[in-house]
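Here is what Swiss-Prot records for this protein:
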REGION    1-23  region 'Disordered'
COMPBIAS  1-13  compositional bias 'Polar residues'
ACT_SITE  His57  active site
BINDING   Tyr60, Lys104, Asn519, Gly556  ATP binding site
BINDING   Glu106, Asn557  Mg(2+) 1 binding site
BINDING   Ser107, His108, Asn109, His110, Arg129, Gln259, Glu331, Ser332, Gln333, Ser559  substrate binding site
ACT_SITE  His108  active site, proton acceptor
BINDING   Asp130, Asp287  Mg(2+) 2 binding site
Amino acid sequence: MTSRVDTVDNAASTPDHPQPFAELGLKDDEYARIREILGRRPTDAELAMYSVMWSEHCSYKSSKVHLRYFGQTTTEEMRSAMLAGIGENAGVVDIGDGWAVTFKVESHNHPSYVEPYQGAATGVGGIVRDIMAMGARPIAVMDQLRFGAADAPDTRRVFDGVVRGIGGYGNSLGLPNIGGETVFDASYAGNPLVNALCAGVLRKEDLHLAFASGAGNKIILFGARTGLDGIGGVSVLASETFGGDEADGASRKKLPSVQVGDPFTEKVLIECCLELYAAHLVVGIQDLGGAGLSCATSELASAGDGGMHIDLDKVPLRATGMTPAEVLSSESQERMCAVVTPENVDAFMAVCRKWDVLATVIGEVTDGDRLRITWHGETVVDVPPRTVAHEGPVYQRPVARPDTQDALIADTAGGLARPASAAELRQTLLDMIGSPHLCSRAFITEQYDRYVRGNTVLAEHADSGVIRVDEQTGRGIALATDASGRYTLLDPYRGAQLALAEAYRNVAASGATPVAVTNCLNFGSPEDPGVMWQFSEAVRGLADGCVTLGIPVTGGNVSFYNQTGTTPILPTPVVGVLGVIDDVNRRIPTGFGTEPGETLILLGDTADEFDGSIWAQVAHDHLGGTPPKVDLAREQLLAQVLTAASRDGLVSAAHDLSEGGLIQAVVESALAGETGCRLLLPEGADPFVALFSESAGRVLVAVPRTEESRFMSMCEARQLPAVRIGVVDQGSDSVEVQGQFSVTLAELREIHEGVLPGLFG
């Protein structure tokens, strides 16, 4: 042991020793509470543990009082298919035939601004390990990305690094990236959002949970060695404040606060874990992500039926001279912590050797209720684990509707100049699809492997992705993620429901039945009452919406302090929806022209709704008014029609309507199918409203002419509005709006696909 180590005995004998708790993010009263819990001052290692585990990121101390609403509103019927939910590493849902799917979305926002490549890459790696920790094989990833204005000076640096990081890590893991969403807005300058979703598949009986039980069971750390990367994010942990000479402290301050990922280590770690699960060698397991060993040990111990002893000096290190505080707080990637019975340790180690994965017994489960950590024989941590992992501070932050909200709502898009001629309508279309907001994302998705492993059935950016789960039966899943910061700023409750509705609709448009929800709630500072009002309203909106739709929230993530200076980002609740499809061969594609002779039918009602729209932003740089109405009962009906139509082969293509309205969906489906079409707008309809309205609850479908009558009868029987608006012209080279304008596919493709390469290529 070196002289710089602060032991429990030393802490007890030096009660007045000054400690840098404020620099570590702890408030005066939080530090006082730690002293009260321990009956003494904490050691440096204990202070490190409490500071990271009581952080906003780990403890949810500002959001917990609001997040409880999800549990309060979830009915037993909604929970019926849920095998694991909020509080676990990821939600798990029974999808039938003995299969289960686990999925979750998490943020890696701040690291992705500091070091975009590694921030995004380790964001993917972290969420993949969450899925692995449930006993599942990861099968797909998606991403929700937000950047500053596309032409802003720093956007290129962040965009390039994030996209390369996601692709570099995911491609190396052999995981298909099956969709997502990319948005550019000035509010995200200096604070990009990188939200990564991963889904995994397992047999129901193979589910694993994070807990340590059975006195005498061994704690095994396996995967990469532990280094100093990731520590800078918790301020002075790597500095001389914890002892050591000035030169050593100065050098450590230069270490990266962003973790460094190695996807090839994670790839063998995945296979190693799956073999360990198959051999039934694991009692409990936890991945090491945020807060590292501090989190893994305290969460495993507090979720079990005993205590835990850890010999911290047995942790394999890749840096010399690390202190206990640094070892506990390191966020080095590609590490897992397992609970293993003594008789299975040798077999566990043999599997790890087979995969060339480093594994070390670092401790054991004990009787009692203490987490005790030693360093070269001396105790540096002796705490009740629940006080670290689950009993941190909980705040009821002030909540206040902003004084500016009424003025924002009053500033509607109603008075904005609209295109008044056919030529102006045509130019509006070209301006919209040629803007960074609605242009093609192919420049991004081409950097991702969407079809690796051979089970990807559908992978359309901004729509749902479909993955085959069972090769024999064709059973599969659909996933979609959506968010609208613009709508949520105008009305947080409705904005969250619109995001839910769009993700739900995207899943249904593929032919799948939506069954469960995950979320990642990205907001500004919780110390701002206006931000907390946005947050609380968004949580209520999402929870109430799930009740109406009858599907549960299985888990999620909260990311606060997303702001530049005192200016917060647009409030961005990202919603992910999981759907189940009995036979992926019946999935509905996006592109026109899969069947000869198709009629285009618009499902749902169109209203004059342009507040918060992309048209208002592109044409007038305007944001104000009230978002489109949301009718979740109608969304449910729409989904039922689409899944029935998919099953019966009545629909050959489908595309939800959202940003950019009908004409945006038409252009994307025409380009996807490489075939033109003719639109005939309803008699008396305002062409601008018909083409560009962003009314929710609508889907454009292509129906084989032989099935048109049957499909329309189905819609009529279910009282779902459906109107014929055109035909697909196979062999045609243009999109024509009869009586208004025509644009060739070549011109549309050139404009639509040239924007991002021009900006970032």
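These residue numbers are counts, starting from 1, taken along the chain as shown.
Cβ coordinates are placed from backbone N, Cα and C, and glycine is handled just like the others.
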Most distant Cα pair in Å, residues Ser107, His108, Asn109, His110, Arg129, Gln259, Glu331, Ser332, Gln333, Ser559 binding substrate: 21
Inter-residue C-alpha distance, Ser107 (substrate binding site) and Asp287 (Mg(2+) 2 binding site) (nearest angstrom): 16
Other C-beta atoms that fall within 10 angstroms of the C-beta of Glu106 (Mg(2+) 1 binding site): 24
Reduced DSSP assignment, Arg129 (substrate binding site): helix
Entry from the binding-site residues list Asn109, Gln333, Asn557 having the most other CB atoms no farther than 10 A: Gln333
Spatially closest candidate among His57, Arg129, Asp130, Asp287, Gln333, the listed recorded positions, to Lys104 (ATP binding site) (Cα to Cα): Asp130
DSSP-assigned states of the region 'Disordered' (1-23) in counts, ordered helix, strand, coil: 6 helix, 0 strand, 17 coil
Assigned element (helix, strand, coil) containing Gln333 (substrate binding site), judged by DSSP: coil
Cα-nearest neighbour of Glu106 (Mg(2+) 1 binding site) within the listed binding-site residues, Tyr60, Asp130, Gly556: Gly556
C-alpha spacing of Asp287 (Mg(2+) 2 binding site) relative to Gln333 (substrate binding site), in angstrom: 9
Cβ-based isolation winner (fewest other Cβ atoms within 10 Å) among the binding-site residues Ser107, Asn519: Ser107
Shortest C-alpha distance to Asn109 (substrate binding site) - which of the recorded positions His57, Tyr60, Asp130, Asp287, Asn519: His57
Distance from Asp287 (Mg(2+) 2 binding site) back to Arg129 (substrate binding site), taken between C-alpha atoms, in Å: 6
